[in-house]
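Structure, as structure tokens:
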Amino acid sequence: MGMSVPGWLGGLVEESFFVGCESHESRRKNEKNIFCLDCCTSICPHCVPLHPHHPLLQVRRYVYNDVVRLDDLEKLIDCSYVQPYTINSAKVIFLKPRPQSRPFKGSGNICLTCDRILQEPFHFCCLSCKVDHVMLQGEDLSSILFRYDESEFAFTHFENLRMDGSDVTEDDVIGQITPNSILEDPLHYNSCSGSSQPATRSHHRRGSEVSDLPKRKKGGSFFPQIVLSLGGNRRKGAPHRSPLA
């Protein structure tokens with residue numbers, strides 16, 4: 001990350017989340033699953049009183065990967081062309097590239113930064129890949145950043161997260177993560193409201209398109225589902241013995 005990257009953005013994609021908080025080692029539910037946009041650091045729910053009136057971003061977890069809800073992230077940065085996923089009916093975006101077992105070989109739509117296979121019409125698999133690409137192209141990051149309303153990032157807006165040690169983690173309620181079956185136009189992922197305004201440009205609402213997409217396999221690629229019939233339900237006939245001589 002270069003010096004032109006805002007502190008909060010560099011911290012968000014570089015910080016470690018869901019590790020124990022050193023300041024609250026003796027407390028339950030002390031995982032760092034909150035990012036302070038003012039201090040540019042990850043904190044746990046018990047740290048919140050030390051960050052009064054600071055804008056806070058809730059980070060969620062799915063299979064050892066950090067994700068943020070699209071509704072929250074698009075108030076901060078232009079998320080167009082970043083492939084979202086659906087968790088419990090909510091769209092989320094990965095903060096960092098996920099590990100790949102092998103590089104993708106063949107034709108298809110892939111991430112412009114890490115070559116992960118994507119759905120059309122997306123170009124990036126995560127927020128970090130888009131930021132890296134914009135910088136490699138020599139573009140000004142201010143063109144994709146937004147002025148945000150700090151009141152929209154209050155701790156009181158967080159879901160399934162309390163400071164009494166009885167919070168429900170996202171892994172406890174997530175059953176499945178799948179690619180969106182309904183893909184909106186990539187130019188219209190910003191739905192900022194209130195005083196949030198683009199830094200240098202505005203976005204216009206366009207239509208949405210619907211496509212039936214196959215499920216993502218564990219390896220990250222999309223293939224038609226193959227059902228193998230092994231004859232497990234076939235009943236065997238009665239055994240026949242040879243007649244006695």
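Here the Cβ of each residue, glycine as well, is placed from N, Cα and C on the backbone.
Listed in TrEMBL:
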DOMAIN    21-59  domain 'B box-type'
REGION    192-220  region 'Disordered'
Practice task
Work out, from DSSP, the number of helix, strand and coil residues along the domain 'B box-type' (21-59).
Solution key: 9 helix, 10 strand, 20 coil
Handout entry: Overall pLDDT of the domain 'B box-type' (21-59), taken as the mean
Key = 96
